[in-house]
Each structure stands twice: as structure tokens, then as C-alpha cells.
Amino acid sequence: AELVRLDRYRGFTLFLTFLFYTAYHLSRKPISIVKSELHRNCSTVIRPADLNITDNATWCDWAPFGESVTELFETQDHLVSYFFGIFGERLPLRYYLSAGMLLSGLFTCLFGFGYYWNIHSIWYYGFVQAMNGLMQTTGWPAVVACVGNWFGKGKRGFIMGVWNSHTSVGNILGSLIAGVFVSSAWGMSFIVPGIIIASTGILCFFFLVESKCFFIGSKHMNPFSPHSERIFSGSSAISSEPAEAAEDHTEAISFCGALSIPGVVEFSLCLLFAKLVSYTFLYWLPLYISNVAHFEAKEAGDMSTLFDVGGIMGGIMAGLVSDYTGGRATTCGVMLLAAAPMLFLYNYIGQRSIGTTIGMLLLCGGLVNGPYALITTAVSADLGTHESLRGNARALSTVTAIIDGTGSIGAALGPLLAGLISPSGWNNVFYMLISADVLACLFLSRLVYKEVKGWCGRAPRQRG
């Protein structure tokens, strides 16, 4: 009965954390949809006859927004992930996540209220977006730590591949919700997502159980100790060993200590370039589709969701393959290598027909987001529970923060570089993305070689 109860809470925790990070991404998406309304091509807009203007190129923009301003706003929420992830392991995850979601909801709504309050101050929008960016970074290290505390390594790739679809689901829902209001009242494109993430913060406060150790009698055992691992692997009985038999390393790991874990540096640098590509698509794909395929803002936003649908399938496939082969780095390397030529093809033939557009968006989404999803979930959880840590469960949040924080540098640089390069042509933007994919693959080359060498070494022993 105790085991069944534990399994129910484990499934419930998986569902809740899925819901939480869906809300994080849902509230992050509106700026990429609304940017085409804040900074418009005024030459295509019918100007009222009685309007007295001084600049024909920007009269229809919502001051103070111009192209450079929206690019800056898209990078602000990615540069503090290190601090908040490491800080998160020193607080109860339930309180940490709840506060982050409630405050993120508040600042998302305040951005939308600027439309109704007719605010045109760059300082107002800059402050609100910067504070929202701080709150957004509370999400990822905490939810990965929660899931890592509940699930063992056996099927972690598949479980987290399915679970990580929250990123794409959030992007899809955020695009659709923002698209409903973008042409009529863009403020609601922020207010509705803000209310949704604040509501999930309330759910988190009342219902999240951050670790299975609360349910192993009164022992409060370390979730990564050998005694509690029997539950993760489906044992029919819960260990009756005394609590003192399970080592409980409660000291938080240092930053340098986390960097010394084998594989952390390589996967962190790989994620920097993989996330650069993924977030460039996140923020610029609707505008690219609108400019190249000549879609309206809502239609371009809806079409861009296919990239995220492909990302869901890619994340699940990456998890399945890496679980079966045991090669996390090799799975990521192969997908990154395949993504480079597919990005080239999408730029050249992706807009020739609606069928080609749909197919290429699904394929590129899977190959781009698959490695990104695997590294930020299963790989982070694996490294955060590495054998060198000797069962220190508190290290998971720090390791996740380092890996995702390094990736966040790429998430900040990608959209910014795309904004700087795009005036010279979209071809150059795609060349930048292809180069980033190749670099991401190169950073994994040592780990891929190690995995392949291990497979080759096992084959002769099995034949013998």
C-alpha cells in the first residue's frame, strides 16, 4: 500500500511540474508574437487622414518600441540563471517555485497593463521585463530537481523526454493565446498568460511534494541512497533499514565542485550553442514566416507552433534512444549533426508550399529541440546524481543551474545576433544557426568518442 501511494504521488508530481513549466513558457512567449504589432512595417498600414505625423516609417509603432528595443527585451530573462539556480537549492522548492510563479505572473500582467494605461516609457517596460526575467529563472533548476528527486536513472531519458514537452506545449499555448489578442488589444496577450502562471503558483504552494523522502515512513531517507533506490526500481517492499544507514549529505555543493563532475563542462558548452539555435527560433520564427511567406501576425504565430510540435516528438525520441543505447552524448551529437543540413534546406525550400513548410518545421523542430531537451532534463539529472557526489541530493539544483545557465547565455545571444544580422538577409541568420549547431556537436566529440569506445569494448566481451 505504501508503494502504491508513493507511485501515485510520483505521477502527481510529474504532472504538476509539467503544468508549472508549461506556464513558465506560456508566459514567456507573448513578446515574440506581439513584437510584430509593437514594431510594424508602417508603409503597409492605412494612415488616418487627420493624423499629424513626423516620421512615415514609425508612425504606427507603439512608442518606445522599435526593433532594437524588442530584441533587448528578449534577452533579459536569460542572464541570471546561475544565481537563481544555485540560490534555489538553499530554499524549500515549494516556496521557491510558488514565489517565482506568482511574481512572474504579476510582472507579465504589468507589461500588458501598459497598453491600457497608455504607457510609453522605456523605463517602465524595461524594469517590468527585467524583473519578470529574474522571476522566470526560478523555474527550470527547481522543476528538474523535483523530478530528479522522484525518478531513478533507468528510464529517465524517456520519462523526461515526455515530461520536457512542457516547453513546446507552453510555446504552442502561449502563441495561440497571444495570437487571439495581438491585433485587437495586445495588452491581453500578456495579461491572460500572467493570470495563468500566477494561478499555477497557487497550485504549487498547496500541492507540490518536492521529494519522495516525505513518504518513506518517518525515516526521511536520502532519495539517492542505495536503500531508497529499491523503490525507484519497482521493488515490492520499502526498505526497513534504519534511517541512520542511509547517508545524508546535506551540504550544498560548491560551484567549482559542480564543474569538476565529468561531463558538466562539455554538456554546458554544447547547450550554449544548442539553446542559441532553439531560442532564435522561439523569438524570430513568427517574424521570419511573416516576412518570407507574407503571413499575417496571427497566422505566422500559429504556423510557428509546428516547430514546437516537432520539438515534442524530438525530445521523446532523444530520450528513448538514449535510454536504449546508454549514449546521451552520442544521441545529442547525431541529432545536432543532422540538424545543420536541415536548417539549410528549410531556408531554401521551406516556403515553397504549405506542405513543405509543415514538413520542414516539424523536422527542424525535432532535430533542434531534441538535444536541447535531453541535455536540460535527463543529462542534468544524471550529472546531478553522479556517483562522485556520493548521494548528495542537494547538488542537483546547482548542476542544473550551471548547465542551463550556460545555455542561457546562448539563449540571450541568439535572438540578439539574429536581430543584428537579419537586416543583411535571412540567409546570414541561418548560416549563423548552422555554425552554432556544428560547434555544439564539436563540444561533445570527446564524450561521444568515450561512449563509442565503451560500446566497442563491450562487444568483444559479449562474443567471448
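Glycine residues also receive a Cβ, built from the backbone N, Cα and C atoms like all the rest.
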Correct range for transmembrane segment (source TrEMBL, candidates 46-67, 354-375): 354-375
Contact between the transmembrane segment (305-322) and the transmembrane segment (95-117) (3 or more Cβ pairs under 8 Å, separation 6+): no
Intrachain neighbours beyond the transmembrane segment (163-182), with Cβ under 8 angstroms and 6 or more residues off its ends: 14, 17-19, 21-30, 32-34, 36-37, 147, 188-190, 192-193, 282, 286, 297-298, 301-302, 304-305, 308-309, 311-312, 315-316, 319, 365, 369, 373, 376-377
Two-stretch contact, the transmembrane segment (395-417) and the transmembrane segment (123-151), at least three Cβ pairs under 8 Å: yes
Model confidence over the domain 'Major facilitator superfamily (MFS) profile' (16-453) (mean pLDDT, whole number): 79
Stretch of maximal Cβ-Cβ contact with the transmembrane segment (264-285) [cut-off: under 8 Å; candidates 123-151, 329-348, 354-375, 429-449]: 429-449
Contact set, same chain, for the transmembrane segment (354-375): CB under 8 Å, 6 or more residues outside the stretch: 157, 160-161, 164-165, 167-168, 267, 270-271, 274-275, 277-278, 281, 289, 293, 303-304, 306-311, 313-315, 317-319, 322, 328, 331-333, 335-336, 338-339, 342-343, 345-346, 403, 407, 437, 440
